[in-house]
Amino acid sequence: MGRLVEAIIASILLSLCFTITKSAPKSALITNLPGFNGTFPSKHYAGYVAIDKHRNKNLWYYFVESERNASVDPVVLWLNGGPGCSSMDGFVYEHGPFNFEPKKKNSHLLHLNPYSWSKVSNIIYLDSPVGVGFSYSNDNADYTTDDTKTASDTHTFLLEWFKMFPEFQSNPFFISGESYAGIYVPTLAAEVVKGHKNVTKPVINFKGYLVGNGVTDEVFDGNALVPFTHGMGLISDELYEETKLVCNGTYYTGGQSGVSKECAGKLKTVSDTVNLLNLYNILEPCYHGTSLSALDIEFLPKSLLTLGKTEKPMAVRKRMFGRAWPLGAVVRPGIVPSWSQLLAGFGVPCIDDTVATKWLNDPAVRKAVHAKEEKAIGNWELCSSNLEYRHDTGSMIEYHRNLTLSGFRALIFSGDHDMCVPYTGSEAWTKAMGYKVVDEWRPWMSNNQVAGFTQGYANNLTFLTIKGAGHTVPEYKPRESLDFYSRFLAGEKI
């Protein structure tokens, strides 16, 4: 009898494996990648999903099956910020299946990443909105978009994607992202929940979401810098106390009134004091190029000079750029200026994404990942110069409240050395939700070391810091990131 049961179980497991092989679109399967000579630890797929066939409007994705158990592990959508930056940024530089070793020639060597998030999850890297990365439309009007349209389009993508990959419809589904994805993630989550209420098919088995160093609310984000710079020892006690006094403890008000003249003066002093630091990780060196003319330097916004050029251990990342609201400014309603608009006519310091740019513009790579040729849709850019983007959804606080009160789990994580979207803002708004503290502030551990600190709230909300990390947390702390990511997805205590 026991052998019969074992045989039945084995047959079921075999049929599940066969289902995955059979159901996934064969045309999307990636069979090789230039630069990688080994065996993929799991299946990779890439291609386009038409979200509007009449307009030939298409979103491009790269899907990595879990290396553990694809049939039951969560499916996670990853979104980079910008707005308008490709999620292949996360694939190449943060938590994708490969580490990229740049070569002096045009080729790159790819090595397996021991801390890839595909170790424990199926993960979709999506170029969104249309006009970003390899995503495109035949109608240029589609390159004028906003938060609301982006959320709707991405929801349409998900519905179509799960039809293409029906074997994953029952898997737990999570949405994740960083920086301006602090807007993308909750607005998309709200669309998914709305789809549940409208009984939209297929039903997405949505369980929760993760946001890293995400822009959220203009007042909370705007008030984060001064306490961050003081807490990090970047400004003096005297300057902090003087600024706090003349500003009445409020450094950004939003709306039309603004702050007093005296407060504005002190805030400028704070800004000037930290001006030469690396905006995206204050521990990293900041490269100040010598190629700029005196005229360029005079007219460039000072904060541009804080865009850091860093040397990582793998020597892949040469700078930190384009992950957040331009220049690290507060997210305000209205049109978001693109980098190309801000920098028209000027030399740009500290910008070097040669690894991702060269690799993804290699015709052999584009063919391997089923992307359109350059002559059809143009070259791949880390952050698109094609978009006109409008922020139209306001504060994310109510989105988070509605989602968490509806039973969806939320992890708000912050690299504690990011000055672009400081952890102080995220800590403040999560506290201001008013939920009961159910897990008092404490250290969390990775590899038997303190990796940061966390505080848990009622209604499924967790705030987490990552010690020593900058704006793109998995890039700086890959092992620690995989640890908190794995625990959160599994519903375990971090």
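Every residue gets a Cβ built from N, Cα and C, even glycine.
Over in Swiss-Prot, the protein carries these features:
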ACT_SITE  SER179  active site
ACT_SITE  ASP418  active site
ACT_SITE  HIS471  active site
DISULFID  CYS85-CYS383  disulfide bond
DISULFID  CYS247-CYS263  disulfide bond
DISULFID  CYS286-CYS350  disulfide bond
CARBOHYD  ASN37  N-linked glycosylation site
CARBOHYD  ASN69  N-linked glycosylation site
CARBOHYD  ASN198  N-linked glycosylation site
CARBOHYD  ASN248  N-linked glycosylation site
CARBOHYD  ASN402  N-linked glycosylation site
CARBOHYD  ASN460  N-linked glycosylation site
SIGNAL    1-23  signal peptide
**Asked** Could you state the CA-to-CA distance between CYS247 (disulfide bond) and ASP418 (active site) to the nearest Å?
**Response** 23
**Item:** Candidate recorded positions CYS85, SER179, ASN198, ASN460, pick with smallest Cα gap to ASN248 (N-linked glycosylation site)
**Value:** SER179
**Message:** Measuring Cα to Cα, how many Å separate ASN69 (N-linked glycosylation site) from ASN402 (N-linked glycosylation site)?
**Reply:** 32
**Item:** HIS471 (active site) and ASP418 (active site), Cα-Cα, nearest whole angstrom
**Value:** 5
**Complete:** Of ASN198, ASN460, HIS471, the recorded positions lying within 10 angstroms (C-alpha) of SER179 (active site) are HIS471
**Request:** Specify the nearest of the recorded positions ASN198, CYS263, ASN402, HIS471 to CYS85 (disulfide bond), where nearness means the distance between Cα atoms.
**Result:** HIS471
**Request:** Using all protein chains shown, find which of the recorded positions ASN37, SER179, ASN248, ASN402, ASN460 scores highest when you count other CB atoms within 10 A of its CB.
**Result:** SER179
**Item:** Residue, out of the disulfide-bonded residues CYS85, CYS247, CYS263, CYS383, whose Cβ gathers the largest set of other Cβ atoms within 10 Å
**Value:** CYS85
**Message:** Please report the Cα separation of ASN460 (N-linked glycosylation site) and CYS263 (disulfide bond) in Å, rounded to an integer.
**Reply:** 38
**Prompt:** 10 Å Cβ neighbour count around HIS471 (active site)?
**Reply:** 28
**Request:** Could you work out which of the glycosylation sites (ASN69, ASN198) has its C-beta surrounded by the smallest number of other C-beta atoms within 10 A?
**Result:** ASN198
**Request:** Write down the Cα-Cα distance for CYS263 (disulfide bond) and ASN37 (N-linked glycosylation site), rounded and given in Å.
**Result:** 58
**Prompt:** So of all those recorded positions, ASN198, CYS263, ASN402, HIS471, which one's Cα sits nearest to CYS383 (disulfide bond)?
**Reply:** HIS471
